[in-house]
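Working notes, beginning with the structure itself.
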Amino acid sequence: MATCFLLRNFCAARPALRPPGRLLREPAGAQRRSYVGGPADLHADLLRGDSFVGGRWLPTPATFPVYDPASGAKLGTVADCGVPEARAAVRAAYDAFSSWKEISVKERSSLLRKWYDLMIQNKDELAKIITAESGKPLKEAQGEILYSAFFLEWFSEEARRVYGDIIYTSAKDKRGLVLKQPVGVASIITPWNFPSAMITRKVGAALAAGCTVVVKPAEDTPYSALALAQLANQAGIPPGVYNVIPCSRTKAKEVGEVLCTDPLVSKISFTGSTATGKILLHHAANSVKRVSMELGGLAPFIVFDSANVDQAVAGAMASKFRNAGQTCVCSNRFLVQRGIHDSFVTKFAEAMKKSLRVGNGFEEGTTQGPLINEKAVEKVEKHVNDAVAKGATVVTGGKRHQSGGNFFEPTLLSNVTRDMLCITEETFGPVAPVIKFDKEEEAVAIANAADVGLAGYFYSQDPAQIWRVAEQLEVGMVGVNEGLISSVECPFGGVKQSGLGREGSKYGIDEYLEVKYVCYGGL
């Protein structure tokens with residue numbers, strides 16, 4: 001059930017796909033790669049390990065290993081880029097910018113569309129790579145690839161809708177012209193939880209605007225970014241427009257600093273933790289670079305007495321357990337009004353037991369894969385133990401899964417209080433803590449008692465209450481009687497310390513455009 005949520009949401013009401021471009025994989029005898037504990041048919045042409053700079057695959061003296069979080073098996077080794085490689089990538093992007101910004105919007109649109117076509121044509125292969133490196137169930141990975149590709153499709157269309165303006169001034173012999181121009185080279189730093197979609201959501205907008213990019217993918221999941229490079233190259237994206245420089249954790253700090261401070265970089269877009277975002281903002285401040293940030297969340301999920309409990313439970317399942325709770329918009333704090341509290345908790349527990357099956361993402365029927373690594377498991381374990389020590393009740397789950405490794409049981413906690421770590425910190429795991437409340441004002445106050453504000457959800461059948469709460473929640477995105485809110489057509493972003501700017505939608509391309517005013521006199 002849970003694995004279908006993402007796929008269902010992205011496929012709903014979609015028109016038939018345009019006939020795709022040429023398939024990357026060979027019709028027969030294509031080379032495959034396998035690893036212990038994984039499938040024997042990962043496509044070798046897409047599973048690249050070198051950096052991709054200036055349209056070329058470049059090895060580095062050092063490499064780092066990438067592991068399957070489900071089996072612990074080694075997927076392979078990837079180029080470990082450092083400061084020299086980062087500067088070379090920025091230079092390649094800068095050199096390509098002068099020509100890329102000058103090509104027609106129709107041509108940019110066409111190239112992005114070809115890239116989209118290749119993603120759709122190779123969607124099954126790309127999904128397997130996501131499951132192998134992130135652990136998420138294959139159906140969720142398939143949903144992510146569609147979501148990821150749709151950003152390229154969307155921004156291929158938005159590229160042709162960048163409009164300026166003409167202003168009639170108070171002086172009759174003057175006119176004001178407003179131009180929109182690409183900002184320049186953009187540094188793109190992406191997370192591991194959506195290793196494909198977080199790239200195309202940024203890169204699609206950047207390339208559509210006429211910018212060039214340097215992508216630093218998360219060290220846990222570099223293969224998806226490199227697979228996208230292979231397809232971008234095949235689609236005809238010019239050399240230097242899309243560059244990828246993977247690096248290990250030991251080099252992430254120095255590479256990130258280069259991408260934020262190099263004078264040839266004009267724009268930074270980052271998705272990740274609030275703590276890391278603050279560091280990057282500090283680096284960017286010295287040269288006053290344009291910055292977009294999508295940072296941490298602590299999403300409240302409020303269920304009022306007037307809510308349809310069954311619908312609320314279905315929404316809670318979708319919002320909480322997608323990608324094992326490892327999403328920035330997943331519900332972190334469940335606030336349930338006293339009148340329906342017991343009914344909600346009972347039905348929520350039943351749905352979890354019935355619908356969630358923990359296992360390897362490649363296994364049929366798996367709905368929850370592993371957490372990304374041991375450190376993530378330890379954090380979830382810490383939050384659960386802290387809650388229990390402070391009086392919370394474990395309704396279901398509450399410990400590491402019997403499979404061992406990076407697996408953790410889907411967990412539901414009741415009798416939760418506001419001082420517990422699972423309420424004050426982002427858990428980023430399959431834990432649903434439930435707080436009981438009495439009045440609407442109390443729920444809104446608890447929901448807003450955080451220094452972050454990415455997403456919020458609530459269930460109610462009271463129209464007046466819906467308007468009040470939607471306006472009062474201090475978040476960038478609100479789901480009303482809906483647990484899945486992400487859509488390529490809608491703006492994604494937060495308030496407070498959850499970030500700066502918006503991604504996706506018609507607003508996403510503006511993050512990569514400068515507004516220039518031209519005064520035209522002597523008329």
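Just so you know, glycine gets a Cβ as well, placed from its N, Cα and C.
Ser486 is the residue from Ser486, Ser498 that Swiss-Prot records in the substrate site together with Arg201, Arg322. Overall, the recorded substrate-binding residues Arg201, Arg322, Ser486 cover a maximum inter-Cα distance of 19 Å.
The Cβ of Arg322 (substrate binding site) has 28 other Cβ atoms within 10 Å, all protein chains considered.
All protein chains considered, the CB of Lys353 (N6-acetyllysine) has 12 other CB atoms within 10 Å.
Neighbour counts were taken as the number of other C-beta atoms within 10 angstroms of each residue's C-beta; across the recorded positions Arg201, Lys399, the minimum falls on Lys399. Between the CA atoms of Lys172 (N6-succinyllysine) and Arg201 (substrate binding site) there is a gap of 43 Å, rounded to the nearest whole number.
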